[in-house]
């Protein structure tokens, strides 16, 4: 595959945006132009990348932030501590469900990719206060995405903080059940981590690090441990696409994580890191054109890990 | 790895049975000797197998039957029809939960590996009555396990039928919500499919077919389509080990399916089919020694698909 | 109040039927004429009754049967046994919810007026088989309603039995959790008890017995114990009108029980037994015109027990 | 009944405290002496009261505060507004359940006597800030209890505020679902209303106002409307004793409300207001000796409203 054939797949899938709509729970997301689609594929074998469409457009990372923050939490606290705090089971419930912990009598959030688990993950990040926690998260994101221009989008952040009451409810529920200790600082860092602007190319690089067992292919520097890269790809497979994770796993079959900003990344073990951006979402909150395009790529390059 | 090194791993893990206990909801399972452990590994590259321990002991297939019956349903009805009837999302609930469908307002059972979904799968098997359905299932099991000696264990079947009221409840709930049509015949076939006696070697062969894209490596005959083999390995990964599926995926990382008879099978794409038997179970219903042994094998042979 | 003023209240409320619609889950109910409204009030002080409208029209007793069958179960087994089997808590869930027991980890159905509890109540009725159980129920209904013409409506019964899969699901769930023992016989009796044809006058008489501490005011014969009459009026108050029970208690304030056949009965301690019939139902399954008319009566006669 | 016979009933029930234990989720409650039992009965007919035991001991009002605050909310906003905000259905769940709203798809808290509903009720109290809201609540409590010495117990309040994370979770869940608007101010007033010290006599007087259709019997002054007194007695009956409300209604049968401080009040329409105090609680959070003593009183004076 080259840039040209990739562009053909982008063109083929472009109109899928019409089947979805952009997130509208905050104004800063509602005003995003739905007519965008971009993809970057980082090829580990050739240590090269191909790309097509809107690959440099910045968009909110949103739930995809759960991946780098989980990696940083593991660096900070170790695998044992992180997964003593947060379970790794898929939930069957919506990402923001308040009842899944109570109904399943869990003493732990069910996995790091539902909001409760992601908030608990953020609570484990080292740092003396929310500011320092977020600075460390931001620095780590810049490193693992090889993108020094990632910054906080203040408009998104302020909206997230303003409308984030269900996340507050989840956080206090966890505090009241001894799952996390500190709520306002954790939430400040959490809302900020969701509100940074990234690109499809940056997401492809992050995914490439995961695909490459934790080593940045562009520098040959290890960024995270092999074990944490393996674990995170596993959780992406069972819980990466909200309550569409099982269906995605069946029909596409690569470890992936989505965000309501329209981003989607996929880490194909030992071969590719892929970043996609198209902001119109399906009912579950996943990029419509993004999923279709990724499905085509997976078929074209024969990437389904279950095949 | 050879039979001798495999035997060493069996010996190392044998005493793990002490951490679990055999299923006791029916007498025929409660009386099984917990001090058993056997493993067969079918190596696709060498088209050979290695084995150690109790590989020829017969034990009840129980929930592992959900794999061949799903494959047969797809053969009978096609992928589209099967997954219009049954969803493919992990549930976060126990395998026999009656509330997961109601609480999630699902019009479909959540996946083919919880009991509701498995019963719905059985309802799709061709056959004019329960007898014919089960005969077709049995014939298919014998073919895909390359084991003509698989037979119904009548003692197990009678116990399953006698104590199967929660399954009856699930079936009538689905009938009342237009998910299945026929209850008593479906349940008769379902209880029987759970009650056949298999061996670790048979399970390894079934898994080898899945690992080998649907082709029996011992005969080079296609038994199921490549696409159905791929899909089933995906669902094994997200939902194969009851409510321990996510944890298993994180810590072991191969498509697998367990049964309360103490069986465990794993299908490693393009390399190995593995069958394990050890009847002492953990709290989730999975073989304690079986999981530990499988984990050692996966590490030894470097099989984690997320690595 | 006399027949004439009562007729004026009937006339005033008649058109409320337009706000509801008749039950349509079985054809025999769907074809009932919605333009019907009748009320009988049995006045204990004057040992007399006033009535207006369609008081002699026969209609299916449906869920109102839960009252006489609970009374008979107490006669047969005693208060202690009945309420060791069935709890007396309101549920907050729909009458046919399968999940309320599982979610609340109840070892007992939550109360005798949701379907699960009513089925468990029927299971306690003496009788060597379903036929004898139902004959005893029918004889008791005739006695307590002072209506020898109550008979089984076979068309309704056959429809109820045919469509009763959710009730089968509830029954097998209870059997699987040791709450009841025998399913098909219990359900046969249960479906039959729901399918007898009664009149508003018969329901008024049943309610009059409850209002009169268990003694039939027309004969001065005790039919049920004072304690059981008291308990049943209490449960009618907390759980008599499906998931509208609390609202009814707040806005009307008398012990009452409804049925999807359009019946409604109210037992006002020591003063009145009231039977109403109007088949058009609100979303919760309660008679629209019936509730409005009853509310007017309660205000007119100053009957709210909480006032 | 006179003081002496009442004292005999107190003596008879005193040792029931051994079957329970005092609330221990905060130190200030954990240190309360369990060996206390007191009762005041306000007799409307004689406009007199009898009492026995620890009737002047101050204890935390806790959940009993839900009654006067609901009455004040109705005075401030009217019945229509209050019950458009808060439903009146019993829940079947624990008082602090976070899932009952989500699982039942309620847009409103289920009733004013579970924590969610009580917090929403407090949010309706007039006042420009938490301080003014609480001052108005306190003034109203002093008036309706005829007890000018009711004050905030700062130790209890600080503990409640410190440990109140589940209430914070409920409040933010409601805010995120547009059920309430302001969280920290509402919770400050809510935690304070739970932390005032009252006596059994004060509770008896509050209950006497409810029993007397809203008029204080000691002054013949109307304090709340007749309609609001009626409604509140109805909700006390269906939801006043946590998830033991139905059982209490069956076995005791008077409108009542309990608190984890060990208080219990009962309002018997047109006859008695009763206040009881005994701090050892059963598993549902209700006073063990208090319920038993109240049951004896109800039998002795023949007060069951369903009889």
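Heads up, the Cβ atoms here are built off N, Cα and C, so glycines get one too.
Residues or ranges marked as substrate binding site by TrEMBL: A:63, A:115, A:160, A:167, A:190, A:242, A:260. Residue A:260 (substrate binding site) falls outside any helix or strand according to DSSP and counts as coil. All protein chains considered, the CB of residue A:260 (substrate binding site) has 24 other CB atoms within 10 Å.
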For the binding-site residues A:190, A:242, which one has its C-beta crowded by the most other C-beta atoms within 10 angstroms?
A:190
In the three-state scheme derived from DSSP, which category covers residue A:160 (substrate binding site)?
helix
In Å, how large is the greatest distance between any two Cα atoms among A:63, A:115, A:160, A:167, A:190, A:242, A:260, the listed binders of substrate?
19
Around the C-beta of residue A:63 (substrate binding site), how many further C-beta atoms are within 10 angstroms, looking at every protein chain?
24
Could you check what DSSP calls residue A:115 (substrate binding site) once collapsed to helix, strand or coil?
helix
Using a 10 Å radius on the Cβ of residue A:167 (substrate binding site), the other Cβ atoms enclosed count 24
Are there any residues at least 6 positions away along the chain from residue A:160 (substrate binding site) with a Cβ closer than 8 Å to its Cβ? List them or say none.
A:26, A:191, A:194, A:195
For residue A:115 (substrate binding site), what is the tally of other C-beta atoms lying within 10 angstroms of its C-beta?
23
